[in-house]
Amino acid sequence: MSRQLIRGLRPLGGPPGLLPTASGRFFGGSAPELPAVQVRSTFLDFFRQKHGHLLVPSSPVRPRGDPSLLFVNAGMNQFKPIFLGTADPRSPMASYRRVVNSQKCVRAGGKHNDLDDVGRDTYHHTFFEMLGTWSFGDYFKEEACRMAWSLLTEHYGISADRLYVSYFGGDAASGLQSDEETRHIWLDMGVPPGHLLPFGLKENFWEMGDSGPCGPCTEIHYDHVGGRDAAKLVNANSPDVVEIWNLVFMQYNREADLSLRRLPQFSVDTGMGLERLVSVLQGKRSTYDTDLFTPLLHALHQRSRVAPYGGRTGSEDQDRVDLAYRVVADHIRTLSVCIADGVHPGMSGAELVLRRILRRAVRFCMEVLQAPQGTLASLVPTVTHLLGDVYPELHREADQIVDVINENEAQFLLSLQQGSRLIQRTLCRKDYKHGVFPASVAWSLHRDLGFPLDLVDLMLEDRGVQVDRQELDRIIAENHKVMSSVTCPVSQVSSEQAGADLSVMLDVLSLAELQRLGVPHTDDSLKYGYRLEKDRYEFPTCRATVLALYDGEALVSEVPEGRRCGVVLDLTCFYSEQGGQSHDRGYFTRHGLQDVVFPVEAVLRAGGYVVHQVTAADSLETGDQVHLHLDQVHRMSCMVKHTATHLLNFALKKVLGSSVQQRGSHVSADRLRFDFTVKGSLSVSQLQQVERCVSDMVTANQIVHSQELPLQRAKSIRGLRTVDEVYPDPVRVVSVGLPASELLDHQTDRETSVELCCGTHLLRTGDIEDLVIVSERQMVKGISRVIAVTGREAARAREAGQVLSQDVDSLAARLTGSAPSSLDSAPSSLDSAQRLSKEVGVLSDAVDSTLIPQWQRSELQARLKALQRSSNTTVRKLETREAAVRAQALLEKNGRKELLVDSVETDYLSVVMKTVNQLSSVAPLSHVMLLAHQQHSGKVLCACQVPKDSPWIAASDWAVAVCRHLGGSAGGSALVAKGTGTSSDISKALRWAEQFARQKTQR
């Protein structure tokens, strides 16, 4: 199978055919009674039109600001800020009461991972759509149950006899009573007692995580068979009785100590998988037999050289053809949706999971379905046709999706070829143990070339070989241990910081308590209250009142000295971390106690409150008056970097085209980071153009305008740059050179930088002074990351670049003058060439690691690579020339002996080796070993070569014995070997080496 993958396959032609299901029904026949499109729209319209729910678009599958998730895996992910009480009160989200949507979800990697199950059965998926409804403090259990039952039985027409309902039956250990309220609601609605079943915590109590909002849930299950009592099959993993809808009633908060506290506001979160619902309504046991998948399976069959999809599983699917059909059909949906949302196959996190998905799909396509290269990408138009109307980004990014899939597929196939060659070389090695493949090589294939370990097994199986499984398991365990030890300090630091942050970050109950007490939201408008006075930025003074204190567990009226706490003030001039910009630094002083400083460790926002995290230098009480002292140098640096980021964004679009999309950014005091979509790394010319574009705007010293506008009005601005964030309404618009009012309604054709942004910015672009891109690299295929510095750091980077450029010029001149000639035969020429070669390496390291313009780094790296090649050539020529001289002298001294052991004068092991090679070529029957005493280190250099198929001694054995005797080490093959040791008496070492060889030959 692996050989088919490596060779690739010819494209397959042939007439299109109809694709029968396991039941014999043809996909090419009439459309199902209720197509998936109508199932989805019926759900959305029912709640939107009949029950007043707001339709909220699906969020991208990349989570918004939630590092705990690789992918969005449930409909509620985007609404976490509401459940946690942290939603910005100015954002539309804060006003949500009743919401409905269809959310794109991916369950692959992390806690919810269905990847390995996909294909084995007929219902698991990595990508699925979650039809969801929410009530945020509006209706609760009864309305939720009645709406769900009405939709299923009256609008979808599902027979109530086939529906079973589970509810939370209580848990004595947790002190939780049975959810009798929900049970009575269902009974009052007419659900028979025999169809109403209690279950425990595992099945019917939903929790967001280890802590946070949670509550009992009630689930609706469907019996595919009907006409029987299927109560015992509910939650019994029966494929005939499946859960279709889960209604969660959030009424508790799980505390850090695992106790439960009632939430001040109850919410409802319901979720129903579209794929499973469609299978029920279309009368299919398998989701793959529905019209969400049949067009994909049909298109896939047209490109394959196997039979049509038959719906078989397990032992009935011995050739794994139907499993492969399901894997590819599922995975192409996941790939298309993820890439459209900016997640590309890569080397870590979600990107690594997506790379695994793509490679798994490629393998099944080519190995099992015998489809040609390019088949996977050819399915993208079908995915776009099926899902593009509800998720328009699929249409918009279709070409990009195809390109990314094709590029990654080609890279994988190239890796397979490299891996096959590596396997072959390993099997041909003399030290290879027959039948057992080295675990270290298998691990290298996995780690370095991205091979799934099961693919390594398959490739070896074709050759009748097995991996040393015990050793491989040891290496894997050791790698996990190393990775843990490497990442632990970082994660400990971040978790300690996060711990510091989280321990004083207001939780949902404290936020609700602040609102109940009528504590006003923090007025942080002073963060924008700076102005230019005589070319200097003047920042406002700020005196505030402590409104609330949070000690990590609850709101308190006082915190003692030394206690870390969160401080909520009535107003602040500090910028809280958001929009990719770092929070401000500074300190408080208490009124009347000016010499006691309260350093501000972090500034965060939660539900309209700005929380200043401090460690109390003295006691602090609510009602205290404090003076806020802003670290103005730090703030200025952040303002410079943030405005520069906007100019960089504009310049990238201008140079590379409108297809460039921002994928992330971060602004700190020392540098800025910007991620964006682009096919490949930027050329030297493109980097220079981007820097010139920014420089032109800086030199023009344009005014930076900031203006608040209604969100919808702001979105009508031509050329507006936005990212996937929840924006407040009204929203702040930052534009360069022209105020937002002039950019509205196309009042001007002039292009400029304009973005929705809550960050703090300069008032004039000239204050940036300069911008230098010091790094640009592809994070994953299709997404690049730029790092840039400004002002003095930019000037220093340019100066460093000039110095390194001059160093390279000087070195190039010296290398040109050191080329070997007929007169250069002295060892000093080789010494000089070796020194210059080392200088090239040292200078290359300096160019790689020094902060200089990236365009200049690329140029210098290219020059240094050429110089290194030239230098290596010069060294090799001089070494060969010196070796020829040494070999001739040794031949004249010793003749063509059967055993030649002697010394040679040189400081280079490569010269010793070349001399041995030349002696052996002249005297192929000689056993040759040469030793050299390295002057500057005192080491003994050793090299040897023996005739092919020598019956007496292997070169590696000879070198290892001699070097070990000299306290060193050696290695090589049966024919040639080299090593090093230490000895003050080389004559004694020569005698020992010759005696060892003679003992072997006499045997």
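Even glycines carry a Cβ here, placed using N, Cα and C.
Keep in mind that TrEMBL annotations are predicted by a computer and have not been checked by a curator.
Here TrEMBL flags 34-800 as domain 'Alanyl-transfer RNA synthetases family profile'. Over the domain 'Alanyl-transfer RNA synthetases family profile' (34-800), the average per-residue pLDDT in this prediction is 89.
The annotation Zn(2+) binding site is assigned in TrEMBL to His642, His646, Cys757, His761.
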Residues near His761 (Zn(2+) binding site) in space but at least six apart in sequence (CB under 8 A): Met639, His642, Thr643, His646, Val704, Ser706, Val734
Other CB atoms, at most 10 A from the CB of Cys757 (Zn(2+) binding site): 25
Extra residues within 8 Å (Cβ to Cβ centroid of His642, His646, Cys757, His761), Zn(2+): Thr643, Thr645, Val704, Val734, Glu755, Gly759, Thr760
Least buried by Cβ count (within 10 Å) of the binding-site residues His642, His646: His642
